[in-house]
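**Student:** Sharing a structure, written as structure tokens. Questions coming.
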Amino acid sequence: MEAANLSVAATAIALPLGPEASRSSPSSSGVLRSAPGGAALPGRESPFSVFTMLVVTLLVLLIAATFLWNLLVLVTILRVPAFHRVPHNLVASTAVSDILVAALVMPLSLVNELSAGRRWRLGRSLCQVWISFDVLCCTASIWNVAAIALDRYWTIKRHLQYTLRTRRRASGLMIALTWALSALIALAPLLFGWGEAYDSRLQRCQVSQEPSYAVFSTCGAFYLPLGVVLFVYWKIYKAAKFRFGRRRRAVLPLPTTVQVKEAPHQAEMVFTVRRPTVAFQMSGDSWREQKEKRAAVMVGILIGVFALCWIPFFLSALISPLCACSLPPIWKSIFLWLGYSNSFFNPLIYTAFNKNYNNAFKNLFTKQR
């Protein structure tokens, strides 16, 4: 999505600050250097501040952690035969999209953040490739979350009709539609001339600001899947509450007096039990229902984090082109990287609620040793 300038210090490189700004004159490269007496001399760039270096370090760590954690999940799914089924194929699709975000999108976004004046200096072709992968991978990651929510809903609501074979076909169809729709949204500007990503005059690279494309892309990439996951989770909550509410323990009272005879034709020995005995019969589906309850909680947290990470960015992405206004660059960057961080949280959430992943991780590292 649109990369914005994260560092105020980076902006200050090209802008004279302070009371002596009126006496500063730009050099041919647009870089200022202050001399004694307040004069500005060309040829020397201002160094990054400590705060800027700290932020850059955190972003580099975020990129590395997002890539490695999703790669670990993907390798585990591919190498463990028990994971070669639904819903792990949906998780694998999510991991692929998040790996691509970390490998192809976030590094170039960081480079753009650090450039003075947020100028894109890598050429028009690379700009178009970067923007296309940005929209493609982020949209696919979002729709994969919606697919996981749909799969969980059908498992709880229609657990008898939603057989393993049906589930496999449905998940394959959802994965194909996810990537097809994401590709359509990402390539629409290139295929149909729907705005331009690169501005050679301003040296700016961003998602097309054409108002009609802004509505199409934000609705297709976020607002539609957001509506799907909110509706689905509401239905999951109602279905789970209804099913768990019906679960009861069957109470079977035994006779208050039990007589035990030692043997026929001999003196009878009778033992009398005066205390009533109660037997509890647990439902046969209790383990299954507990598993579904944990999965429902996992999907709820996944949806909540997804919404919190992406809502600020997509609100600004929709409103800015329509009103021809713009947020301050620092807020654009915060919203952008908050959205990117969703690719880091996804694997943490769905592995934290599945002990099989933790065991598989341990076995994977043990075998490597």
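Backbone N, Cα and C define each Cβ position, glycine as well.
Automated prediction, rather than curation, is the source of TrEMBL annotations.
Not my notes, these are from TrEMBL:
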DOMAIN    69-350  domain 'G-protein coupled receptors family 1 profile'
TRANSMEM  48-78  transmembrane segment
TRANSMEM  90-110  transmembrane segment
TRANSMEM  130-150  transmembrane segment
TRANSMEM  171-192  transmembrane segment
TRANSMEM  212-234  transmembrane segment
TRANSMEM  295-322  transmembrane segment
TRANSMEM  334-353  transmembrane segment
**Student:** Where, among 90-110, 171-192, 212-234, 334-353, do we find the most CB pairs under 8 A to the transmembrane segment (48-78)?
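**Tutor:** Result: 90-110.
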**Student:** Taking every residue in the domain 'G-protein coupled receptors family 1 profile' (69-350), what is their average pLDDT?
**Tutor:** 82
**Student:** Short question: most Cβ pairs under 8 Å with the transmembrane segment (334-353), which of 90-110, 171-192, 212-234?
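**Tutor:** If we count Cβ pairs closer than 8 Å to the transmembrane segment (334-353), 90-110 scores highest.
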**Student:** Would you kindly list the residues that approach the transmembrane segment (295-322) from elsewhere in its chain, counting only those six or more residues past its ends and only Cβ-Cβ distances under 8 Å?
**Tutor:** 1-2, 142, 145, 148-149, 152, 155-156, 207, 209-211, 214-215, 217-218, 221-223, 226, 229-230, 233, 236-237, 240, 331-332, 334-336, 338-339, 341-342, 345-346, 349-350, 352-354
**Student:** Quick test of the contact rule: Cβ under 8 Å, at least six residues beyond the ends. What residues does that give for the transmembrane segment (212-234)?
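**Tutor:** Long-range Cβ neighbours of the transmembrane segment (212-234): 135, 138-139, 142-143, 145-146, 149-150, 152-153, 181-182, 184-185, 188-189, 194-195, 299-300, 303, 306-307, 310-311, 314, 317-318, 320-322.
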